[in-house]
Amino acid sequence: MTALTDTPTWQTLASLAEDVKQQHMRDWFASDTSRASKYQQTACGIELDFSKNLITDDVLKALFALADESQVSQKRDAMFKGDIINHTEKRAVLHTALRNFSGEPVYVDGQDVMPEVLACQDKIKDFVASIHSGERKGYTGKALKQIVSIGIGGSFLGPKIMSEALKPYWFDGVKVHFVANVDGCHIQDVLANLDHEETLVVMSSKSFTTQETLQNTLTAKDWFLNAGGTQQDIAKHFIAVSSNIKAATDFGMAEDNIFPMWDWVGGRYSLWSAIGLPIALTLGYDNYRQLLQGAFEMDEHFKTAPAEQNLPMLTALLGVWYINFFGAQSHVLLPYYHYLRGFPAYVQQLDMESNGKNISGDTTAVDYATGPIIWGSEGTNGQHSFHQLIHQGTLLIPADFMLPLNVPNQDNTHHAMLASNCFGQTQALMQGKTFDECYADLEGKGLDEAERVKLATHKTMPGNKPSNTLLFEQMDPKTLGSLVAMYEHKVFVQGAIWGVNSFDQWGVELGKELGNQVLDKIVNTDAALGFDSSTNALIARFRQANS
């Protein structure tokens, strides 16, 4: 056993789990009418109902003790202070500085980074104003109304999904298109109907060498030049978010149109940096600032609220409870709001890239489960497909249901139906339906006894399936910022308990490295193949098909 699993608190939780597995939530609700109010907390515009979880007061007490013993609070404070907590890359982790509205300095290696952060935000503000006012024009004098944002990973998911989620707040007159996949179909589809004279390309790559992003940007450049632009005109139509100023200027971009990035901001946390420029172009700068404000308020909540009231702490500990003591391998996110449909994919990268690790900080292989599979879809679509597995499958799959209570400019009938389905699903998962209830429902249906018993058996729902429900007054920029930051800090807490580095991604780096090696063999068709027999055969087949 490692130190974590050998602790008395871990053993207490294991014992409590065995006890809880013999109980049913429907009985808890029947015997305690205050359960819903007891297990509910509100902060930063988010109402968290966690009463439909397999928890008791004793379970929560032990989970809070686990967090204390894992020094979660101390690790949290070290992150906010700018200590080197990404130990494998020897970096601070300070995406929180990008939404720091406190007026207090934030230090990295003894230097206050806030002047740089504020200068970048001012640059974003001025740039957005110049686009929205029509002051900034293309080489023929047309206003730049079509924005093509090219990135991948955090440089794509964050801007795209935040922009989608806030569609009611879009600025009228500018349209932002997002491109990530190196599959040429994607960039071709986006560019096909655009006028190059009113198109601005935003290339987001810290190194300016990210394979997919660079190729898509080169394709956009060829499209621009073939449509009538010249190399000299590139500076008016292409800008970058990058640390590699030389590569960007060599490409043809003006140095004034290059926005900075910092090593202390990881890609999956980068939407708060200039990577979020497409969000500001989509929403307007004031709404973009509200997004940052919401995240800042969640940061303050995370730092100051006691564990029993702390939304990131509560959601993280519930996840640890199911992953490590109930064998849960996945967690499903179910936003009952069409514009939030991409949110599961955002959290998927955030969580799985952060905590998909098997080595603890002291280089010991862990002997317990870490990051779960994150997946999900918008409600009510999922009810007609994969919810069946959650209801009657053999796997325990904790769920997060999300619902804005009010939606601007929508028929109330639609929203009432949406809400009823959301709440009904949480009840059905918790309560289930007993054999006796199913058997009684079949009375008078013309079935003989054997058929009635058989069908009732198939219709029985075990229930006892855990879920959180997160309600918002409405999904505005500030609330979305708080929601994203809540999940960021949830992931941090879980990584702190498991003792893994939540801020590197060596699996991603290996994929890039091998992808480049294979590309070299595909392009250089005379080169000898030196991989395993399967990979060699796949490359040979591709060469043959494209000869």
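Even glycines carry a Cβ here, placed using N, Cα and C.
The active site, proton donor annotation in Swiss-Prot covers Glu353, and the record cites sequence analysis as its basis. The feature active site is assigned by Swiss-Prot to His384, Lys512, with sequence analysis given as support.
Counting Cβ atoms from all protein chains shown, His384 (active site) has 8 others lying within 10 Å of its own Cβ. For Lys512 (active site), the same-chain residues lying six or more positions away in sequence with a CB closer than 8 A to its CB are Gln211. The residue listed as 'active site, proton donor': 22 other CB atoms within 10 A of its CB, across all protein chains.
The two recorded residues Glu353 (active site, proton donor) and His384 (active site) have their Cα atoms spaced 29 Å from each other.
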